[in-house]
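As recorded in Swiss-Prot, the features of this protein are as follows:
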- D8, E62: Mg(2+) binding site (BINDING)
Amino acid sequence: MIYGIGTDICDVRRIRASLARHGDRFAEKVLADGELATWRARSARWPERGVRYLATRFSAKEAFSKAIGLGLHMPMTWRHCEVANLPSGQPTIVLHGALQDWFAARGLRCHLSVTDESDYAASFCVVEKD
């Protein structure tokens, strides 16, 4: 049974401007530790790739927060929600802390799709209840 659906579109230019204004602090606020390491590595090789990586993660977390119906209210926090990839490359949500407990207690599972183009990153999330 579908518990919730969320979608988000993110303007990559706004993410670029936030990084220019706030530097690494912006990424450190939005990304979980594993994501932060990937972002730093991608940004070092090709800064634009780092910006797009951050934009897709931002968009995916927004879509997920809408699908679970919490928005950005506890226990949903940026850093407790991590976007990872399965070996196949499929994006998935990995939860931590109180958010992981909240999600598991409700018997929920998530399906996520992300995409990006030059100026936009978009995500679609479906959360199901067992």
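Cβ coordinates are placed from backbone N, Cα and C, and glycine is handled just like the others.
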Collapsed DSSP category at D8 (Mg(2+) binding site): strand
Cβ neighbour count within 10 Å of E62 (Mg(2+) binding site): 21
